[in-house]
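Engineer: So that we are looking at the same thing, I have put the structure below in structure tokens.
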Amino acid sequence: MMASTYNAKDEDGHITVAGPGGGTLRSRKPENTAFKQQRLPAWQPILTAGTVLPAFFVIGLIFIPIGIGLYVTSNNIKEFEIDYTGVDMSSPCFNCSQNFSWNSTRPCTCSIPFYLDQPYESNVFMYYGLSNFYQNHRRYVKSRDDSQLNGDSEALTKPSKECEPYAFHDNKPIAPCGAIANSMFNDSLELFYNDPNGTKVQIHLMKTGIAWWTDKHVKFRNPGGNNPNLTVAFQGTTKPVNWRKPVYELDSDQENDGFINEDFIVWMRTAALPTFRKLYRIIQKKKDMVLTLPRGNYTLEVVYNYPVRSFEGRKRMILSTISWMGGKNPFLGIAYITVGSVCFFLGVVLLIIHHKYGNRNNSADISN
Amino acid sequence: IIPRGTWRHKKTQVKSRRGLRVRFPQKCDPRLTDEHSVCKTKENKTRTVHANILYDNAKGEENPNRHYANNKIKTTKYTLLSFLPKNLFEQFHRFANVYFVFIALLNFVPVVNAFQPELALAPVVFILSVTAIKDLWEDYRRHRSDKEINHMDCLVYSRVERRYVEKYWKEVRVGDFIRLRCNEILPADVLLLTSSDPDRLCHIETATLDGETNLKQRQVVRSFFDLDCDFDPTKYNSIIECEKPNNDLNRFRGYIIHRSGRRDALYKENLLLRGCTIRNTEEAVGIVIYAGHETKAMLNNNGPRYKRSKLERQMNVDVFWCVIILLVMCLFAAVGHGLWMFQYGDKRPVFDVLSPEGTDLSPIMSAIYLFLTMIIVFQVLIPISLFVSIEIVKICQVFFIHQDMDLYDEETDSHLQCRALNITEDLGQMQYIFSDKTGTLTENKMVFRRCTVAGVEYSHDPHGQWTSLSCHTRSPRSSRYLLLTDKPSSVLQEKDITPDPQLLDKVNECSSQMDFMRFHSQPMSQLPSDLSDIIDFFIALTICNTVVVSSPNQPRQKVKLSEGYAPPALSSSLITNRSSNRGCSSILSSPSAESTLTKLDEEKPPNLEHTFSPVPPCYSEKAWAVAEGELRYEAESPDEAALVYAARAYKCSLVGRLPDQVTVELPHLGKLSFELLHTLGFDSTRKRMSVVVRHPLTDQITVYTKGADSVIMDLIKPPNTGENSHSIVYRTQNYLNLYAADGLRTLCIAKKVLTKEEYACWLQRHLEAETAIQGREELLFESALRLETNLHLLGATGIEDRLQDGVPETIASLRKAGLQIWVLTGDKQETAVNIAYACKLLEPEEEILTLNADSQEACALLLEESLHYIQAKFLCSSADHAAKAFTANFAPFEIYPSSSPSSSSVPFMVHRLGLVIDGRTLAYALDKSLEDKFLAVARSCRSVLCCRSTPLQKSMVVKLVRNKLKVMTLAIGDGANDVSMIQVADVGVGISGQEGMQAVMASDFALPRFRYLQKLLLVHGHWCYSRLANMILYFFYKNAMFVALIFWYQFYCGFSGSAMIDQWYLIFFNLMFSAFPQLITGTLDKDVSAETLQQLPQLYISGQNSEEYKPYMFWMNMIDAFYQSLVCFFIPYFAYADSDVDLFTWGTPITTLALFTILLHLGIETKTWTWMNWLSISFSIALFFTVALCYNASCPTCYSPSNPYWTMQRLLQDPLFYFLCVITPVTALLPRYFYRACQGTLFPSPVQVGRQLDKLPAETRRNILSLSRVKVGSPLSTKPPFLSLAKPLPKGSNKTEKGSFPSPKASQGSILQTHDTRKCHKRSQSEPLGPKHSEKSLSDLYTLMSTEGDTLPYTKDSQCLDKTLDVSVSSWITSTPQTDSVELPPDRGSSQCVRYTRNSEEGLGSEPSVHQPGRRTEQRPEPASLTTS
């Protein structure tokens, strides 16, 4: 063991390593692999003006056309919007809007005339829009019971505590429970076309097909299985406090009643932002007609139930066609164009930098 | 658990964390001294051990040993039952864990909960369980090895069977008799009662305890010594009283009481420690004193070290800032919510849901609740996985460091060990290196070089070659030679000594005379004094040590004199083996004429002997031959071995050592046995050791002392006998100075003859001291002092300690890396200075300040003067710098900037000065009143050399620098005397070299060789630091960016604490989706390749200045994070504004975008893309979509409130989603990408330049780097000449003309250019690559240069040299275009500033000191003995 007197490694080394603990003399030399020696082949990009230049130009060149395309697409979408909140004295719905109560027995109606200055050719989607309505409030969003909405009989009678304080009313379970359901939008909107010859033609509004297919067929189910009699299925429950009718009377159509009522389903999909729109009806293009909605005068008949004045809310009706990229929104097109231009501009800046300073050190050298 | 560790060597090395830490005897241990002073009752302080066999019948109850721990060891922390509570308890010691659990629990409070409570627990549980599983696995491994050890066999005496029976280790109990056989490992601490060895010795090897590989002798307890027959346990009935178990390996005190009432003292020499191995001894029997966990070995096992790295400290500050940001955000949201509530007044809107009880909450109460909710929502801001990730990354880093082939030493089959796992990144931030000299910079393989006996010098070099080599010319030579052969240590050994013929003659003459006198019974005192001195000198060399003689046979057998000589067959085979070795080594060494000569010389002595000596007695001849081939000396320090081998070369060989007798073989005289009366061991305070022997020829009691010359010289008897002895002392001192100047280690040998009365007188008091239980050490020390006085000087020796390979290169490159290197050594000043020159720590053209003072006041004055001198000398360098330095010097308390000094901003300049200070002066300088001044002087010097410093001083210096300058310090050393320094420094590095393992045990990293420090610091340190720094910054960014998304959303949800990101994504985002890429990058990213890092040490400076992670970078990252989150939030916001999108259908794209952005951000920051990076990023993205799709398809009614059924599926059909995915990350990362690009071009950091250099083809790079080495090696200019090479290189075709015919602008420029152009043309012809590459790289180098100029302030001095620059530089270029062997022109430029004397010209034998004010220095009272000549 005398490493100090003898050069190590000869017979001495043996004793140290192969002590009574055993073990053979095996070199502890690390393996010479690319991984262990940290020599994996690698791509090493270096970010300098010269190397990133092409990226900027390429981004600019790709983005600007995309942006233009998106912008054009968006501009081709026709959209009409009318605010029927009735804040102004002059508004036809002013009187109705003075009603702050949810449960006023007397239905208030108002009709708002408007003029469409361009014809709508394809299917028209009719939305109602609410502003300043915080459907995304944390406690509001939580206040629902998905099991109940999925037709779970147990949850029907014992709503989840998430629904509190909208779970029970008069000791009866509320169906559907929770604040979202309780505050369901209950204005009804009807659209009339004022024929130039003076007749008022009601426009057929499709009630179905407005909700997600999966919502309608998977997430939302009426209790009681296939029992056609919803009244029985919902026996023992009570309607939400703010509702006028129980849930099984939302529609006469069996396929659109109870929890699977599409207006209800749409409402239950809580909006992301305080200003939102929700699909209300679809005006389908008739096969024989060229135009879905011809240019001309229309009247919007509103049964004004939904109080929004208490929270400075606004209600709107929107008519819109849609394209492959959704509703009218020029933002994305503009954003693409802007970012593309900025990239292009920065590319130019980098080009200048590259030309001027890429060799700066050399020139500095010479001048010195 | 020592044994376990080192039996399986491989394991220990790897899992060094669990290695043993030996505690070294500390005199000032408060606990111990307390024990001494406060005399408690005897029962509390001692342990009484009875033999177990006396009590076998009396069951357990009456056995007095029953209270002592048994030998079963259990190092596991947990049992099956206690694992969960205990592990959790331990984990909750970490504050972060408590915080996260608190938040998770907060979720269970309905009013404030934000997530599903069970879900919120998931991350915490995940983190805790990962740690728990790791702990469990470690514990299981401990359990397994415990079991293995507990079930080892040993022989224990059984009373029933009346013989020794095999038992498991765990069954051994205190009081058992154990029989030990050769090569067995001791199961417990055993008191040696008998040994088969005729001398009642037992040899043990303690490598597993302290790493020392030499054999140690242990003695049978004195009262059992005379036992003739075999020891019979049944007859044993003594009682042992000894200390309570303690962890001091070098202490054992107690006594044994026999039935007769006789007491015998017990020493550590009687105790065999657990874990040691029995060697050279057939059989031994002992009684167990301490067992199991009470053994000294187990008590020394203190688990791994825990240090917190600088980076982590910095990170914790930023974690704290994160907490503040978190609170501010929560507060903001809470106030916002209160106001939002308030604006509705009493008209409660329908979407503001009442509390579950149906009660209305006031805005204020809501705000308070919301505050807590927000803390839960924003908890991700404090990165829960950061701590775990850092640990994972560090483990990987340690793995890679372990695996590095370059850090593996073939010769010793050892590689670097990381003993501290959590400070790898500190290696990249070192600023000061404190190095030991011996064994660290040098090989610590001692070669006897010269000696002087009785005032006559014997140079041991018949060819005069050695003497002709002065230090300076030798050092480059030897280093080149080292590079050539690569295994120099195998060439020269302690044994290879060429006897000086003259001295050999004298020895022969002397011994034959003595033989004659013995034959004629004449008193030996008639011998001429110079001859007797010679023989005494060699006797002293031979016996005044603790060297053990052994044979190199495989089963280590002590050479037993009684059995005669070893079988001839064996010895001859050994000899042939040796000679074949020799032939091999001489081939190896062929480049070195010097060493071949040595070899040749070695062959001569036998011939010489035959011719010169009278016919020797036959047996002596034979013995010599055998001894030559067979005897081997095992010494605790290589010095001793070297001296013994030297003496053997003069036929004065040590043939046997017993505790009471040393046998020496002398020519003519044959074997002489010296009765060894006492050995007064070496200690660092006395700096000497002595043996007291009875001389067999004269029958006189003689003391031989060997020690440092400074101490011995003081103890020499005053020269009352005459002029002669005075002149001997004087001449010896002269030679000593010469030896030291040649870089030799010097020792003085002295003797003293005691009269019987003197000895009796001393002996009495010495025995008192020996038997004292309390304060024995102090008493023995005093006793030794009494003995070692009035010595008669015999002579002195000079031993060479060779520099390790690559030390000068390593030091040079570490210095280029901006590291300040201080050498702290125990050696004497001259030796140290010369070694410093040899390893290029001091440069010949460097000025040296030498501080030698012998009083506090003198020291203060010296320091004051040095300060003035430094100011005056460097005043001209640059006005503002000088001004700063000036004020700094006059206000010593202001020179330390409050924050850690980053060299770029610190006004402090490092001058081309060396400081040499000796131990005594250092002691004064380290005084509270002077330490600031000392530091002010020391830090303005480029290199500092502290000689003659004690271990304590070493640690004080480190502590001083570390605390006062607030710098990162690294201490490197190899011996026990470096332990305190290693422990004090931020990073302690141990050299696993010759002097045992103590330094390694105390260190954080253990290296086989000093030169590996270069790669460890420059490459691994740099990588570890930059990887971790980037990863931590990225972590902060990532979490902030993600959390800010939710924060922006609060403005659109009435500050209600709502989150658009599904809680699953929110919680698992960090843990799963974005976790892997950053781990891969944090482990594998290489900003610059290893080659470039080593060749451009300047790149290390970025780590020193913490340039990868500066405080402002945290905030820049935060700002970037906020910007990116704004983009990621508002692009989807506007894209989906006023649409029918629902909350989570909108939130999911945002999550996706954030993921893309975060991953791409990492992509920008990643410097090397291996397949693992690609894989991890694709894996992350794939994982996210897979999880999202599965999750969104799994359950239509679950996961309230988000209930994201079919969301992702629908999104994937939406073109808008894809358009968002393209534009958002691009927009978000645009600024950073642009900034990085601009930075890369406009103001690249040195590291970036290094990276660009990496990209160049290998050959160009080599060329450039070789140039840069020249450049950096010449500290003359900030603008080295080759830079103008760039100009003539054709950049594009249009510029070529202008380049190759430069208009001479300045005279300087023109000169340079002409030279350069020539060179350049050559170069460009030889270069196959495109001109663009080289042009670019050269420009990069320029940048590097200028940054170097900024960071290494001393180069600024050269500003005043500009005018002379052209001359020196041009001459330099013409002389040698290639690399390191360049002889630098004299630094004549400096003469412009101040008269600048070069010390190298003054010769090294004389005192190197500061010249102009230094003249006054020399008038100061002369420092003791050092400044003569």
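Glycine too: its Cβ is placed from the backbone N, Cα and C atoms.
Summarising the annotation, TrEMBL assigns active site, 4-aspartylphosphate intermediate to B:Asp436. The annotation ATP binding site is assigned in TrEMBL to B:Asp436, B:Lys437, B:Thr438, B:Glu640, B:Phe682, B:Lys706, B:Arg745, B:Thr825, B:Gly826, B:Asp827, B:Arg948, B:Lys954, B:Asn977, B:Asp978. The annotation Mg(2+) binding site is assigned in TrEMBL to B:Asp436, B:Thr438, B:Asp974, B:Asp978. According to TrEMBL, the feature compositional bias 'Polar residues' maps to B:580-598, B:1305-1314. The domain 'P-type ATPase N-terminal' annotation in TrEMBL covers B:61-118. The domain 'P-type ATPase C-terminal' annotation in TrEMBL covers B:1000-1245. The region 'Disordered' annotation in TrEMBL covers B:580-614, B:1281-1335, B:1376-1429. Positions annotated as transmembrane segment by TrEMBL: B:95-113, B:119-137, B:319-344, B:364-388, B:1032-1052, B:1114-1137, B:1143-1162, B:1174-1194, B:1216-1235.
Have a look at these and tell me how they're positioned relative to everything else.
Structural biologist: On its own chain, B:Asp436 (active site, 4-aspartylphosphate intermediate) has B:Val823, B:Leu824, B:Thr825, B:Lys954, B:Ile972, B:Gly973, B:Asp974, B:Gly975, B:Asn977, B:Asp978, B:Met981 as residues at least 6 apart in sequence with a Cβ closer than 8 Å to its own Cβ.
Classification of B:Arg948 (ATP binding site) by DSSP places it in coil, neither helical nor stranded.
In the shown protein chains, 28 other C-beta atoms lie within 10 A of the C-beta of B:Thr438 (ATP binding site).
When averaged over the domain 'P-type ATPase C-terminal' (B:1000-1245), pLDDT in the model lands at 91.
Residues 120-121, 123-124, 127-128, 355-356, 369-370, 372-373, 375-376, 379, 382, 384, 387 of the same chain sit 6 or more residues outside the transmembrane segment (B:95-113) yet have a Cβ under 8 Å from a Cβ within it.
Panel annotation: around the transmembrane segment (B:319-344), residues 352, 361-364, 366-368, 370-371, 374-375, 378-379, 381-383, 386, 1036, 1039-1040, 1043, 1047, 1050-1051, 1054-1057, 1114, 1118 of the same chain, lying at least six beyond its termini, place a Cβ under 8 Å from a Cβ of the stretch.
Counting only same-chain residues 6+ beyond the ends of the transmembrane segment (B:1114-1137), those with a CB under 8 A from a CB of the stretch are 318, 321, 325, 1033-1034, 1036-1038, 1040-1045, 1047-1049, 1052, 1146, 1149-1150, 1153-1154, 1157, 1161, 1216, 1220, 1223-1224, 1227-1229, 1231-1232.
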Engineer: Could you measure the widest C-alpha to C-alpha distance across B:Asp436, B:Lys437, B:Thr438, B:Glu640, B:Phe682, B:Lys706, B:Arg745, B:Thr825, B:Gly826, B:Asp827, B:Arg948, B:Lys954, B:Asn977, B:Asp978, the residues recorded as binding ATP, and give it to a whole number of angstrom?
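Structural biologist: Between the most distant Cα atoms of the ATP site, 24 Å.
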Engineer: Counting Cβ pairs closer than 8 Å, which of B:119-137, B:1143-1162, B:1174-1194 has the most of them with the transmembrane segment (B:1032-1052)?
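Structural biologist: The listed stretch sharing the most Cβ pairs with the transmembrane segment (B:1032-1052) is B:1143-1162.
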Engineer: Are there 3 or more C-beta pairs under 8 Å linking the transmembrane segment (B:119-137) with the transmembrane segment (B:364-388), counting only pairs at least 6 apart in sequence?
Structural biologist: yes
Engineer: In the domain 'P-type ATPase N-terminal' (B:61-118), how many residues does DSSP assign to helix, to strand and to coil?
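Structural biologist: In the domain 'P-type ATPase N-terminal' (B:61-118), the DSSP-based counts are 23 helix, 0 strand, 35 coil.
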Engineer: Would you mind checking how many other C-beta atoms are within 10 angstroms of the C-beta on B:Arg745 (ATP binding site)?
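Structural biologist: Total other Cβ atoms inside 10 Å, all chains included: 22.
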Engineer: Count the Cβ atoms, other than its own, that fall within 10 Å of the Cβ of B:Gly826 (ATP binding site), considering every protein chain shown.
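Structural biologist: Result for B:Gly826 (ATP binding site): 23 other Cβ atoms within 10 Å.
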Engineer: Mind giving me a neighbour count for B:Arg948 (ATP binding site)? Other Cβ atoms within 10 Å of its Cβ, every protein chain shown.
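Structural biologist: So the number of other Cβ atoms within 10 Å of B:Arg948 (ATP binding site) is 24.
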Engineer: Return the residues near B:Phe682 (ATP binding site) by Cβ distance under 8 Å, restricted to its own chain and a separation of at least 6 in sequence.
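Structural biologist: The list for B:Phe682 (ATP binding site) reads B:Ser637, B:Arg688, B:Met689, B:Gly707, given in order along the sequence.
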Engineer: Using other CB atoms within 10 angstroms as the count, which residue among the binding-site residues B:Asp974, B:Asn977, B:Asp978 scores least?
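Structural biologist: Checked B:Asp974, B:Asn977, B:Asp978; of these binding-site residues, fewest Cβ neighbours within 10 Å: B:Asn977.
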